[in-house]
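Copied over from Swiss-Prot, here are the features:
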- 150: active site (ACT_SITE)
- 9, 10, 11, 12, 33, 34, 35, 318: NADP(+) binding site (BINDING)
């Protein structure tokens, strides 16, 4: 199956290349970049030296149409210019931007500051939210997939079993997320320079972060009612990784056995979700160190009987499970490949 990556010079584009170059069912036929047009891919992504002789080409519809599948690793607001033409042509599209994640066209005005509602509401409804654990049946054969956001992924998956079992009540769950510097992309702002980022722990967009929209959308679907969340992310001194902590206040506390049953019933057959709650060993709860470079989501929980509070944890690699890895996982499900094809990475340790 021939694949083209539009926007292949950034961190996410590089991860797509790393994964797809080792996928047994894929031939990467084009990787685009305006800035690096004509340059060897490995000169921008040195870790790929020896694995490919591809050169970057100018992004164009014509280049994309040489492939069966197109991965769009473009900034928010850019994919919407590409998707209609690609979709009409019959090419399968996996969009890693936010441009087709939200079902409500008006949500793009509120959360992404678009000047008007989404111009393609029909395509919004056709797009499948690309989280295989929650939308597996819809993904099979899908031609337009909206790959979830990184912090949304960590947040949704740790709270999904609680939403499904009616434990998200009137009090909004509180989500505290930490993310590494690669989340800012390959061309971040001045505060992402080493001298500013080293040793940092700082909040950003502490209220009304745009990932709230998809977190609430997905949890509401599972709960069968409107769910709101309080979400605050923090930039921290690491390159890769997201760690999220969720606080859910309930009227009636489940037992620990109930919690295990809820999480196992939803994720027991998942190839990429590991429940980490151990009384022994050096990692008794999820830890970003033990998912780096992989597509795993490590999820844990604890019960606070004093406050009727459920504490949930999740750890992911933001570039893999939070972006490129999840895109390939969704691609595998959509196209009939083994779900873990190209994604069989044991996380590095120590790092």
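Backbone N, Cα and C define each Cβ position, glycine as well.
Where Swiss-Prot records a feature, it is marked here on the structure.
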residue : record               : DSSP (3 states)
9       : NADP(+) binding site : coil
33      : NADP(+) binding site : coil
150     : active site          : helix
318     : NADP(+) binding site : coil
Cβ packing number for residue 34 (NADP(+) binding site), 10 Å threshold: 11
Based on the record's binding annotation for NADP(+) (9, 10, 11, 12, 33, 34, 35, 318), what whole-number value in Å is the widest Cα to Cα distance? 25
Alpha-carbon spacing, residue 10 (NADP(+) binding site) to the residue listed as 'active site', which is rounded to whole Å: 15
In whole Å, how far does the CA atom of residue 12 (NADP(+) binding site) lie from that of residue 150 (active site)? 11
9, 33, 318: which of these binding-site residues has the highest Cβ count within 10 Å of its own Cβ? 318
Distance between residue 318 (NADP(+) binding site) and the residue listed as 'active site' at the Cα atoms, whole Å? 6
Rounded Cα-Cα span from residue 11 (NADP(+) binding site) to the residue listed as 'active site', Å: 13
Mind checking which of 10, 35 has the fewest other CB atoms within 10 A of its CB? They're the binding-site residues. 35
